[in-house]
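Colleague: Below is a structure I'd like to ask you about.
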Amino acid sequence: MESSRRALLLVAMAATVIGLASASFRDNCDIKWNPENAAFSDDGHGLTMSLKSNSSGCLLQTKKQFIYGSVSTLIKLVPGNSAGTVTTYYTSSVGADHDEIDFEFLGNETGQPYTLHTNVFADGVGKKEMQFVPWFDPTADFHAYTISWTPCMIVWYVDDVPIRVFRNYRDKGIAYPIKRPMFGYSSIWSAEDWATQGGRVKADWSKAPFVAGYRDMVLDVCPCDGADSCVYGCAGAFSHGGRQQNCAGLTDQQRAKMQEVQKSHRIYDYCVDYRDNKKPGPECSLPQYSTHAYPAAV
């Protein structure tokens, strides 16, 4: 009973966060890879995707492209031994020099926590990873994951708590996605060579299929029929949860919540951990959640 009440609360939270009714996966998305591994609920608002072998998996893509806005869904990750598996929720453009905003959930051995992996690509360049250990069990219930993409900043939210911000500093020569329309995606696939403890732990295929659940996708976006027909100035470009997204930065309350999560649950930051002799990007020395006069979006 408690689990049911929590599920209903999170469904309401997802709709409240974005300020819109949830959309049907069946009506608004296509299964682009292994549709036999996808199963819709009767009303189309729920979806499971399965990974049955190291050469199978499943990929969902929204039917429509968009430029700016918020995309959100409730996800319940693969329970038990999920080592070697990756469940994703992300946005991406198509073609060369692509833009992409990622949530990836890297599985682990039974009893060990998932890794919540975030990244952003702009003009084909990524390597801006930040990783967290969830402060809850992401397999026990559904949780809301939101990507908010505006002309001034990108914010990753978990249950309406901002965990990371990437601001638009194109005026300082730092790439930021501003012109390529994106689709929304969800997927599950095998990444045994790197996903769990650097590839040391492989998937236990005797436990397959590995199943991730999705519910109540919400899209508050500026629609595109193609790169030349995007509505750059729609209300969704500057909103989150039906509220104006403040381009001066997060509110004090949001910033405090984010700093608490980053202090207690962040396990990797590309700006701090210079692996493989990488140097921190110039954005690492610039404010990411305080006042900045962002450049024109188009």
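The backbone N, Cα and C atoms fix where each Cβ goes, and this holds for glycine too.
Below are the features I grabbed from TrEMBL:
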SIGNAL    1-23  signal peptide
DOMAIN    1-214  domain 'GH16'
ACT_SITE  Glu100  active site, nucleophile
ACT_SITE  Glu104  active site, proton donor
CARBOHYD  Asn108  N-linked glycosylation site
Colleague: Taking the Cβ of Glu104 (active site, proton donor) as centre, how many other Cβ atoms lie within 10 Å?
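Modeller: Its Cβ shell of radius 10 Å holds 20 other Cβ atoms.
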Colleague: Non-local Cβ contacts of Asn108 (N-linked glycosylation site) (under 8 Å, 6 or more apart, same chain)?
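Modeller: Listed in sequence order, they are Ser82, Ala83, Tyr114, Thr115, Thr196, Gln197, Val201.
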Colleague: Residues with Cβ closer than 8 Å to the Cβ of Glu100 (active site, nucleophile), same chain and 6+ apart in sequence?
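Modeller: Tyr90, Thr91, Ser92, Ser93, Asn119, Val120, Phe121, Gly126, Pro177, Met182 - these are the non-local Cβ neighbours of Glu100 (active site, nucleophile), listed in sequence order.
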